[in-house]
Amino acid sequence: MVFTVSCSKMSSIVDRDDSSIFDGLVEEDDKDKAKRVSRNKSEKKRRDQFNVLIKELGSMLPGNARKMDKSTVLQKSIDFLRKHKEITAQSDASEIRQDWKPTFLSNEEFTQLMLEALDGFFLAIMTDGSIIYVSESVTSLLEHLPSDLVDQSVFNFIPEGEHSEVYKILSTHLLESDSLTPEYLKSKNQLEFCCHMLRGTIDPKEPSTYEYVRFIGNFKSLNSVPTSAHNGFEGTIQRTHRPSYEDRVCFVATVRLATPQFIKEMCTVEEPNEEFTSRHSLEWKFLFLDHRAPPIIGYLPFEVLGTSGYDYYHVDDLENLAKCHEHLMQYGKGKSCYYRFLTKGQQWIWLQTHYYITYHQWNSRPEFIVCTHTVVSYAEVRAERRRELGIEESLPDAAADKSQDSGSDNRINTVSLKEALERFDHSPTPSASSRSSRKSSHTAVSDPSSTPTKIPTDTSTPPRQHLPAHEKMAQRRSSFSSQSMNSQSVGPSLTQPVISQAANLPVPQGMSQFQFSAQLGAMQHLKDQLEQRTRMIEANIHRQQEELRKIQEQLQMVHGQGLQMFLQQSNPGLNFGSVQLSSGNSSNIQQLTPINMQGQVVPTNQIQSGMNAGHIGTSQHLIQQQSLQSTSTQQSQQSVMSGHSQQTSLASQTQSTLTAPLYNTMVISQPAPGSMVQIPSSMPQNSTQSATVTTFTQDRQIRFSQGQQLVTKLVTAPVACGAVMVPSTMLMGQVVTAYPTFATQQQQAQTLSVTQQQPQQQQPQQQQPQQQQPQQQQQSSQEQQLPSVPQPSQAQLTQSPQQFLQTSRLLHGNPSTQLILSAAFPLQQSTFPPSHHQQHQSQQQQQLSRHRTDSLTDPSKVQPQ
């Protein structure tokens, strides 16, 4: 019993121990599991952080185009850190001592400030005098661009009297190879001398001016200088110079002005096209200045408000600025010239301003002027000034070596035809980029990225000749006009050379397919331009040929035409106008004998004999007789009837009196542009009445007896009364008309008809007094039917004998005038036989004494219009 109890106790104890052990094991497993979970979490977090750091480190390494594993990233990081440690050690050796350089300034800024404070610039010269480097600060001191000095000899800028001394200094102070030590910055090899240097000018024709300067420097060997201390200096040396010297020794000096400049031009432009805005009053006082101005000019807005802009301008630019401002006041907007503005740091910066005037919105009065100022470099200013002076300045060959490697200089602007033509003209010689960077290059000794951007090429390469734009256009037009005479072949002749050159143009080494396709596109554009110009030239040629054909037709029409000379006396002076006859039968023209003007009968033979023989006395008597007879006959109106009639539509003007022709000119007092003069060319042989001129009002018409005739219609154009025109036999197509004397007659039409007939049978002089009485009665009856006409004064109708005397002397005394008259008139002297001529000469006095009413007919036969 007891054993049984004990056994049960023991079994219960064992069961309890097993359960406790199991529970303990379960607890331990739970603890281990929790530890593992926490450990895994921490490990995952650590791995994630490590991967993030590796990824970030890989992104900072160069050449991370492809995905790198962790070991590669770590290896490159180690290499970079090792190289950085070496560079840092070398930089510490060349670092400017901190005891005299402010900590907030970099080496680059400190060097620039030191050069400005010393009024100096850096210059690197080879032992033979070739300049291989010059700093930008030379512009503010000597007004030279760095590109003007680089690759030039220093002796070109030194007076001839100092050449020998400077050459001796450069050639005798050479460093030996054993003396080159790492302590090259020390002054044991320092060289110092003084000389004169040439100042730069905008106009090369100005007289030379030299500045006294001091050279302080050392001879340095580039082989002993650490690469990090080159500062990009090696990259600035021309490639043509690099193999030219074996020892790589040059003289690096600081050039200082002996006389310091207190105000200098700012030689560098940190950012291209920097600009700021300001507002000015009409008196040019500052009213507003934006936030971009202080970093450029140094002034805060409150420092300049209320001050005049002219206080900050250079004295040499005031005159040009005043002209620009006057232009602004006249036109309301404009652009100024380049001018210098004084900054707060006492430096001159070059600006160009675009301005316009704003007006008040209510009263439209000028309110203020808005200006936008742009900072420009001295290189742009000098180039613009030289273009104004007519000096062609070639573009600086900036970065020529780099452009040769990259092939970027072979690109053709597909928009500009001019540049494409220049490319084809100068295809063997590569050119530099047309636009160089305006970013300032600094002169520091530790920044390898600060290198100049304007380095010219070797001087052995001949520069491209630049012609003015108008000369290029003239040459191009002349070449086009010479080739366009053959319109059938001008197109192929212009385009085939371009196409063949495009086909044979090799692809330069290093040029991409895109660049070559750009060239082909430019050539195609050039071809289209040439074809379009060819079509325009062909159209111009066709138009000119058509005009030439019309001119030839007009010349044929006027060729061989005869001329008639008429003289009108409307004032005491003589006025002449041109009269032209159309081509017709010359025999009919030569048969015209008498001329009836204002009732006067003057035979043509008398005029011809008076012109050829020079009977001055007879001519004077003839003019006096004609004037007296004209005065007596102006009191009546007359009409003429014959077998055939001719009508002309010109309104009358009674002050006009035609006398015998002396010149081949005629003046018709008529302001109306639609007036016409009709002159018959032939007359019947057997006519019993002589035609006269009858003057009516504008609602009447005149009828004349005519035979077969040839009429020329001449459209007249008004000119001044004093104009005299003597047309030639080839180019005659107008009649010059003079304005009438009185304004009341300017709106009236005028009718004038001149007929020529064969001479009638002359009547004895004794019968004329007997016929005067019936003729006067007939005239009085005719005046009752016709309207009254105002009578001219005796002074207007009388021709001065002295004028006729001078005219006769002019005709008979000048052989060239007789030659011109003989060439202008197709009438031949053989037409009038000598006997017939003498017969008319003997009857001259009888014809002068006749009254103009001998040929009057019955007034009832006149048919009014």
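For all residues, glycine too, the Cβ spot is worked out from N, Cα and C.
Per Swiss-Prot, the feature domain 'bHLH' maps to 34-84; the stated evidence is sequence analysis. The site 'Interaction with E-box DNA' feature in Swiss-Prot is assigned to Arg39, Glu43, Arg47. The annotation SUMO1 cross-link is assigned in Swiss-Prot to Lys67, Lys861 on the grounds of similarity to another entry. Here Swiss-Prot flags His84 as site 'Important for interaction with BMAL1', drawing on similarity to another entry. Annotation comment: Swiss-Prot describes 107-177 as domain 'PAS 1'. Under the heading domain 'PAS 2', Swiss-Prot lists 262-332, citing sequence analysis as support. As annotated by Swiss-Prot, domain 'PAC' applies to 336-379. According to Swiss-Prot, the feature region 'Interaction with NR3C1' maps to 371-864. If you look up Swiss-Prot, you'll see 447-463, 856-865 marked as compositional bias 'Polar residues'. What Swiss-Prot lists as region 'Interaction with SIRT1' is 450-570, and the listing cites similarity to another entry.
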Rounded to the nearest Å - Cα separation of His84 (site 'Important for interaction with BMAL1') and Arg39 (site 'Interaction with E-box DNA'): 38
Pairwise Cα distance for Arg39 (site 'Interaction with E-box DNA')/Arg47 (site 'Interaction with E-box DNA') [Å, integer]: 12
Helix-strand-coil residue split for the domain 'bHLH' (34-84), DSSP-based: 42 helix, 0 strand, 9 coil
Other CB atoms, at most 10 A from the CB of Glu43 (site 'Interaction with E-box DNA'): 10
Cα distance (Å, whole number) from Lys67 (SUMO1 cross-link) to Glu43 (site 'Interaction with E-box DNA'): 24
Taken over the region 'Interaction with NR3C1' (371-864), the model's mean pLDDT: 48
Tally of DSSP helical, extended and coil residues in the domain 'PAC' (336-379): 2 helix, 28 strand, 14 coil
Between Lys67 (SUMO1 cross-link) and Arg47 (site 'Interaction with E-box DNA'): CA-CA distance (Å): 19
The domain 'PAS 1' (107-177) - residue tally per DSSP class, helix then strand then coil: 39 helix, 13 strand, 19 coil
